[in-house]
Amino acid sequence: MSLLRSASLLLVVVTAALPPCTLGYSLHDGSRLDDVIAEFTAERRPRRLATPAQRRLMGLTEEQHKTVQFYLDKLRELGNRRHPESYNKDSPKNEAYKWRKQMRDDLKTELLNPEKYGRHFEGDIILFPEQAKQIYENALKTGQRRVKRKFIGSDLRRWDPTRPIIYSFDGSHTSREQRIIELALEHRHNITCLNFVRNDNANKGNRIVFTDVDGCASNVGRHPLGEEQLVSLAPECIRLGVIAHEVAHALGFWHEQSRPDRDQFVNVRWENIDKDSKGQFLKEDPDDVDNAGVPYDYGSIMHYRSKAFSRYDDLYTISTFVTDYQKTIGQRDQLSFNDIRLMNKIYCSNVCSRKLPCQRGGYTDPRRCDRCRCPDGFTGQFCEQVMPGYGAVCGGRIQVNSGWTRFSSPGYPREFKEGQECSWLLVAPPGQVVEMQFIGEFEMYCKVRHSLCMDYVEVRNSTDFANTGMRYCCYGTPSTSIRSATTDLVVLFRSFYRGGRGFEARARALPANGQWASWTPWTPCTASCGACGSRMRTRVCPHGACPC
């Protein structure tokens, strides 16, 4: 297939069966050459001249469809029995119900995660009968979904990475929509060892057929009998992030929040989940899971958003234990670094004969074995360099000490421009950590009702910079004081959608074992002889209890 030059920023303007809107997406392919701008106004076309049976079956036989629906109904019943925290209080006569219903209808016009509104398992997963049966039977036994791993376990459903993945279109999409879909496939080609080849004449063997018969939907993994499988992409799904999400399903990936370790990172708010959707939140079985050592990722493109499947769209169904990660989950802009890392571990681990000494959480790039694939914010052969600013002179390595050092978005307090990016690496002296605080006015574009950042300042303060960090956006200065787990802290400024006021922050170095406050004044003496009284001071430690 023809390869597009690596792109850091890709803007797509889509008007198709939705109110006009601008949708921007960023593609980090490891290098910057050009901005690729695909602009189109797709004609308002019919969904797809498909029969009701085609919409209902989605590639299954009538008997297979009945079997899947049987087990999905059982899962709904099981979810309601296990989690009866809520019940349907809606009444058409209730004014609050009418207001909330209108709010829900208004929110649907934005469709940040259109795949959530599907009628399939978890909204967009088309199950085969044996998958539906396995999920239900193991949920019945263990209370969890017994799925082999975040990546599907069966070799029968794994694609052969040494052979091209054949795909075609069935005529549902305009030529411009087809080009957007192919851009998403080309991006995946650039960042993995997988190759996609279009062949509209293929009529046998495994292949992906892009259609528009049932919203955003896909099977999970390769068809085990070597037949075609459908990936449905309706007009509202023609966005790079949503396409990447559905193609990831086709390659064998489940949703992130279904991992067995999810309860260490998020809290499922069962009382806020729609009564027919509780079965969508069951977990994988921890006894039979392998996530290839890749940790839970708040920024995964496979993660539900905060209010997915809620009884009303203003209720949270997923809360992050660390509050500052709340606006990170649910993004549909691009594959996260860990999404790509897991895909390469599953499919491409044997491509390069030598593993490079990559830094900052990077790994040997299976597409270019002489270089490392680096987390956002880093570049260079071994990820040893901070990514330079894009569209502005900004970012870089900052050595901090006990005094405050300030840094800000481009032009602050004037507005930054759409498309500008900055990356900072803040470094404290050995044995110390970095403390960071936001100061001054703060403004970054967000979807307030969805609790989701569109443009953001991301802070990575963990021991692994491959992990997506805490994203800050919207209006009002964040009050959080952030401390790093090591001597280093990464700050990423990303403006994909629009300009704004931006941010200003300050940083300093603190002792790793905590910082003592000043002594308080002596208290008054309690005896006339003097030489008595007391004074005190406190110590604030960045991570847990202070050492004695």
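Quick reminder: no glycine exception, Cβ is built from N, Cα and C everywhere.
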Record Swiss-Prot, residue CYS193, disulfide partner from CYS237, CYS348, CYS352: CYS348
CYS237: disulphide-bonded cysteine as recorded in Swiss-Prot, out of CYS216, CYS352: CYS216
Candidate cysteine (CYS369, CYS372, CYS422) that Swiss-Prot pairs with CYS394 in a disulfide: CYS422
Beyond the flanks of the domain 'EGF-like' (344-384) by 6 or more, those residues with Cβ under 8 Å of it: 28, 30-31, 151, 158-159, 161, 190-194, 251-252, 292-294, 337, 423, 425, 460, 464-467, 490, 492
Cβ-Cβ distance under 8 Å to CYS372 (disulfide bond), same chain, at least six residues away: LEU356, CYS358, GLN359, GLY362, TYR363, THR364, ASP365, GLY380, GLN381, PHE382, CYS383
Rounded Cα-Cα span from HIS245 (Zn(2+) binding site) to CYS422 (disulfide bond), Å: 26
Nearest recorded site to CYS216 (disulfide bond) by CA-CA distance, among recorded positions HIS245, GLU246, HIS249, HIS255: GLU246
For the domain 'EGF-like' (344-384), mean pLDDT (0 to 100): 97
